[in-house]
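Copied from TrEMBL, the annotated features are:
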TRANSMEM  A:7-28  transmembrane segment
DOMAIN    A:58-246  domain 'ABC transmembrane type-1'
TRANSMEM  A:62-84  transmembrane segment
TRANSMEM  A:96-119  transmembrane segment
TRANSMEM  A:125-149  transmembrane segment
TRANSMEM  A:170-193  transmembrane segment
TRANSMEM  A:230-249  transmembrane segment
């Protein structure tokens, strides 16, 4: 059983990573037909530098992700404070209402936004994508910050208030600094959710204003180009970096060590 | 956890009420504008006769869009394809994910487990599109998989998997397997060693331990993993489009077409809502198991 399980685990890791490794290798391969043996070359990365469309799309992607991280974290943290620190009627309903943005297939959320934004005159484009991305990020932020708040003792804040501090001052002087790792983790998560988001962006993008994943999708449907490998490799690198910082901040995978 | 904190942070109940409202308003206002109102708008849209593009004609309501499955018999086949994709992907993810989760939780420890755990979760963070695209290079005719097969067996024909049903399943399993490993892992980690030792000391062999102890205790993880996978898979359109080519016509791609090329938004909205109804039925059917899962995690 155990050796069999280990073998499965090893095979699954090969399955999960083989295509990604292939893509990275091919980004550095001279041949545009993905022919082996490998001839190392940076030509696809240089080609990337001249591709205005992909550069514009990348700039939009990063811009949207930064705005989503800031707005999503701010808005989500406020809600998390209310949900984690206060008991009130309807709280469980409000918590349940955080699920639809995560649980409903993005295809449905995305097309619904398209219909509504078109109808109300909000329209498509950068602002519409920001509206959509922040909505998708809020539930995750509430979850991450809420978990952080649970691990935080509220008596410190009480102590500060009993010593004459106002609630607002106590929050900024005590809670916020202690919560900082959770806030950074939530912001990174929101950034990553936005950077990797394709479906919602796809329906809200206009031909002139799109994001990197949308451009990749359009390029794949037009035909294979190794430039996509190069830009995907860069995107992958960014995602992995974010993940590692997130993992360190939230001590992911360490929790079971204490058992 | 909240009950213990409540009293202290609420000095005056009436002012506290306003404060809670102020804290919640931005988040729920935002979700109202971008998720809940759009869903309502789409519901209205799904009953419209034509897409009101620019024209100032009065809106005509009809129930016809919801009869699409009767009017367009090919949609039944499309729905069947989506269902098959969902079942194959979920089944394969369960068959691969559960053993992997057990191995991760029970056969590794310390630093190794931490690294392996992070490695299985990492694909969550990488772009789905990028991963699907990387499969096209492996699977296409004369692609790397073919080249690898020819190295071993030069006379072999082409596998030519790209643009086939299996290709879509491979891509979807690749995309969603980490969910199953994660949910099963959370279940397996909760199993105490004592239970397994007890079963063994009572004479249970490994298969019996698996079927009578481990499997029932993993069921919540398996079910929540299956839902997390099945729901998005029946709505998938990008993977079938790229890996399935002409074969990859699913509910997802049909809905995408209504919004991006056919411009029959009311029909697309009605199909979306039919799918949403299916999703809600699935959630409702398994809500008991899910609630237990959420309570544990």
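Cβ coordinates are placed from backbone N, Cα and C, and glycine is handled just like the others.
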Can you see whether the transmembrane segment (A:170-193) and the transmembrane segment (A:96-119) are touching - at least 3 CB pairs under 8 angstroms, only pairs 6 or more apart in sequence?
no
Can you find at least 3 Cβ pairs under 8 Å between the transmembrane segment (A:125-149) and the transmembrane segment (A:7-28), where each pair is 6 or more residues apart in sequence?
no
Against which stretches of its own chain does the transmembrane segment (A:7-28) lie, if we need a Cβ under 8 Å and a gap of at least six residues from its ends?
34, 38, 40-42, 44-45, 226, 229-230, 232-233, 236
